[in-house]
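First the structure, in the form of structure tokens, and then the observations on it.
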């Protein structure tokens, strides 16, 4: 560990605006999953996902606070600024997803058949889940790169967009495996290849930034990322044209939802979700390409 000549404990880790936001994240996260585990209850894949989000975010937040308070993060082979910025953005996306899913599937107005006590616990958990999202979004707002400021890449708009792109790709993959019938045509299989390739490369970019290994590469990492982003725009543009044609054109698919299609098990619904989020990710990559022209990478912060 490097010797700073000052106090071993970093009180700014819990007294600064970002530190206070993290303490609130820890408090709201613990409160949320405690309410659900104690009396609120959860079931099925949706409930399990929500509990995973709250416990995972709580654990990583405690780890970050402990490392910054004790200055132990200097012992880790991580680009700490990139790691915390990436996690804050990921936690924001995960927490807002859980804050929407849990009340949607588990909260009801009446007491029957779960009972008023369980209902009240679920409502309280939903409120704290919403507050948890606000605190993570606040951290992203506080730590984002300001104009003219030298900061970590993951704290820039381009870096934050990388996390959102990967998260949106996960939504697309979830819809793909939900009986989307993507194997029906070679063209739709091409779209799946586009989604997979862009997701993998985006994750690799984030991984290299978080680990601070970009300086060890034999090629200019920043230029490679810009070139990749341009390629991703072209690839997603092709998918944005091909997928709707082969899913919703009357020659290949169905322009309207089939009347006998079961809710939750309809390939047309999955195809629509994929089409929507394909356009979302295309827009994200275009914005990423635009913002990447205005930043410079700093791997060691």
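Glycine residues also receive a Cβ, built from the backbone N, Cα and C atoms like all the rest.
The domain 'MARVEL' feature in TrEMBL is assigned to 13-148, 153-297. Annotation source TrEMBL lists transmembrane segment at 44-66, 78-101, 121-142, 154-175, 187-212, 224-246, 272-291.
The stretches the transmembrane segment (154-175) and the transmembrane segment (224-246) are not in mutual contact, being linked by fewer than three Cβ pairs under 8 Å (pairs 6 or more apart in sequence). The average pLDDT computed for the domain 'MARVEL' (153-297) is 92. Residue counts for the domain 'MARVEL' (13-148) by DSSP state, with H, G and I taken as helix and E and B as strand, are 113 helix, 0 strand, 23 coil.
Residues in the domain 'MARVEL' (153-297) partition by DSSP class (helix H, G, I; strand E, B; coil) as 110 helix, 0 strand, 35 coil.
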